Amino acid sequence: MKAPVRVAVTGAAGQIGYALLFRIASGEMLGKDQPVILQLLELPVDKAQAALKGVMMELEDCAFPLLAGMVGTDDAEVAFKDADIALLVGARPRGPGMERKDLLLENAKIFTAQGAALNKVASRDVKVLVVGNPANTNAYIAMKSAPDLKPENFTAMLRLDHNRALSQLSAKLGKPVGGMEKLVVWGNHSPTMYPDYRFATADGASIADAINDQEWNANTFIPTVGKRGAAIIEARGSSSAASAANAAIDHVRDWVLGSNGKWVTMGVPSDGSYGIPEGVIFGFAVTTENGKYTLVKDLPVDDFSQKYIDKTLAELEEERSGVAHLLG
């Protein structure tokens, strides 16, 4: 049996956490031969800690052969101690009447503290995925608060947007998602992200050629993917939790185990490619191998795409400037 991997999860008793933990413990994220130790963080309030205890009881009752241990805590330094993987799910949700800038600042406090705790106690090779919104900027804040860790190990989740885009293309073409490759979602995990199927194929054939309808792309496809989260809240009465958890598992599984040459979308610190300023955490197409990701370089960007990329970058720059004073 392999040595256990320590997986820290914040917001562990929340909706996404509840949809996530059982799948991690069953081996869906890291493989059916990889034991895990779950290190679970929740807020230091009685209700959250009680809920966390209940989730841990359920995890025990599943008798997962791969679950080698569990810790439940309200202390980030306990949760992140020697963590190999950290899933930062917990974030302050936007309350009624709350301005976006207030939400940014509230989350900046959380992710500054969590970045500092990771910097202090996590494995030096910890892989960090930020799920809690605004995910790209929260990941940027955590990265900047952890100067001793590798910047490239801080990532934001755009896989949900990627998967949503795949499902829309599947419905349009009447083809299964399994045969689709080379989709990319550029930018911020927000309604400004740009799902781009110019290079994508279905069973080896060009999706752009098959659809051949730029009006559908601009007026139906892009807005549908961008507003899908809001549509789910409207239909379900609460936000997309199971699909977000699924995307987190996809993101980490591909990062750790490799994408076998397939493109996947990850929010990663820019190296200056595609005119995105260095360090901005931005959705790019990547391939993954041996626990590392590599940007897909030199893709042509047409005028239509550039307009969308500029728009999502402008939003990220605005978010970044809104928290700059907190990062020194």
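Cβ from N, Cα, C; glycine included.
Among the features that Swiss-Prot reports, active site, proton acceptor is placed at H189, with the record citing sequence analysis. Listed in sequence order, N133, P134, A135, N136, A156, M157, L158, L160, D161, G267, G283 are the same-chain residues six or more apart from H189 (active site, proton acceptor) with CB atoms under 8 A from its CB. DSSP classifies H189 (active site, proton acceptor) as coil under the three-state reduction.
Within 10 Å of the C-beta of Q114 (NAD(+) binding site) we count 28 further C-beta atoms, all protein chains included. For G11, A12, A13, G14, Q15, I16, G17, N107, Q114, V131, G132, N133, the entry in Swiss-Prot reads NAD(+) binding site.
Long-range Cβ contacts of R100 (substrate binding site) within its own chain (separation 6+, distance under 8 Å): R94. In three-state terms derived from DSSP, R100 (substrate binding site) belongs to a helical segment. The substrate binding site annotation in Swiss-Prot covers R94, R100, N133, R164.
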Highest CB neighbour count within 10 A among the binding-site residues R94, R164? R164
At its widest, how many Å does the recorded substrate site span between Cα atoms of R94, R100, N133, R164? 24
Count of other CB atoms lying within 10 Å of the CB belonging to N133 (substrate binding site): 21
